[in-house]
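Student: Take this structure, written in structure tokens, and hold onto it; I'll ask about it next.
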Amino acid sequence: MLNTFRIPGEGPPVLLVHGISDSSDSWLVLGPECSLAFLLADAGFDVWLFNARGNRYCKTNVKGVSKKTFWDFSFEEIGMYDVPANIDYILNKTGRPTLTYIGFSQGTTTFLTACSLRPEYNRKINYAILLAPVAWLNNAENPLLNFYALNFNNLKELSRSAKLYEVFAYDRNIGYYVSAVCNNSSRLKVLCNLFLYLSFGLKNLSALSQDRLPVITSHIPAGATAKAFFHFLQMYVNKRFERYDYGPELNRIRYSANKPPEYDLSQITVPIALFISDADWFSSVKDAINLRKKINSIDKFIVINRTLEFTHLEFVYGSRVNSIINKPVIEMLTRLKLDHRLDSY
């Protein structure tokens, strides 16, 4: 069962799609003055908050379905089925012909998979804003990602033998301990800084919203599937934006080829604005340039200068998110609304 939340408004509908191991909370936890969802609602938009299957709000299993079967999905299934289901539901509820899509990190990947594998949904999205887009990971600078890649096959085998299907499950106690370790007065703050630096390139905790840190850590991680992590890792290893690799035998059954095919981005026709930071260790400018070459409908290509040291997490949890992301996004959508570009497509 999918749970999508709404902040009702009279304006055009906007669907916000979160990153991996996160939830709709990511668009709310900075509070009414700094959270994109609240700011869009204040600007008159009809705001819808997506939750990916497997997170804390979408873990209701179907009776009789095994745990292994339930967790057998990646971002591709979220893009192929969950995103279209949300779009259809929202358009049916609002009576609007189209909606605007805003995604962060994995939320951008699900957009790309949805519109390439289900091209009929291009006409249901009037505009897309992709924050820290993730498709190719060829130029990702993350040291942990490189470590995982070197041990890719061993990690997959370990996950299989341990029957580890869910990762980073939501636990409110984890948030309490993380908040205790990561606050400015903690003696263990150096460990928190080290983890955030190795994982996201975040050099200083002050880059995150300090007064909201206890709220942020009480909501993440929100749960995800191991298969999605291995899918991203596979793309990093193979340097291709490709479908999941089931091995030659199953690939031939699923794809009629020994290797998984790349996603056909030529199918995408939605006007898109890309927001990329040159200091992001996951979503690199070079990989975004490659994405721009593959999609003919890129409308805007916005690069945040490396000198600002604006990292991956800061797109949703940063102390500077209002000036660097939220304000430009709302100004962009307001102009599009005034130009009647959000009325239809």
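Counting begins at 1 with the first residue displayed.
Note: Cβ is positioned from N, Cα and C throughout, glycine not excepted.
Curation does not apply to TrEMBL; its annotations are automatic.
Sharing the record's features from TrEMBL:
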- 12-305: domain 'AB hydrolase-1' (DOMAIN)
- S105: active site, nucleophile (ACT_SITE)
- D280: active site, charge relay system (ACT_SITE)
- H312: active site, charge relay system (ACT_SITE)
Student: Please give me the CB contact count at 10 A for D280 (active site, charge relay system), counting all chains in the structure.
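Tutor: Here the count is 29.
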Student: Compute the C-alpha separation of D280 (active site, charge relay system) from H312 (active site, charge relay system), stating it in Å without decimals.
Tutor: 5
Student: If I take the alpha carbons of H312 (active site, charge relay system) and S105 (active site, nucleophile), what is the distance between them in whole Å?
Tutor: 8
Student: With Cβ-Cβ distance below 8 Å and at least 6 positions apart along the chain, what are the contacts of the residue listed as 'active site, nucleophile'? List them in sequence order.
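Tutor: When sequence neighbours closer than 6 are ignored, the residue listed as 'active site, nucleophile' has H18, G19, I20, L131, A132, V134, F282, S283, H312, F315 within Cβ distance under 8 Å.
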Student: What is the Cβ neighbour count of H312 (active site, charge relay system) at a 10 Å cut-off, with all protein chains included?
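Tutor: Taking all protein chains shown, H312 (active site, charge relay system) has 26 Cβ neighbours within 10 Å.
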Student: If you average per-residue pLDDT over the domain 'AB hydrolase-1' (12-305), what number do you get?
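Tutor: Here the mean pLDDT over the domain 'AB hydrolase-1' (12-305) amounts to 87.
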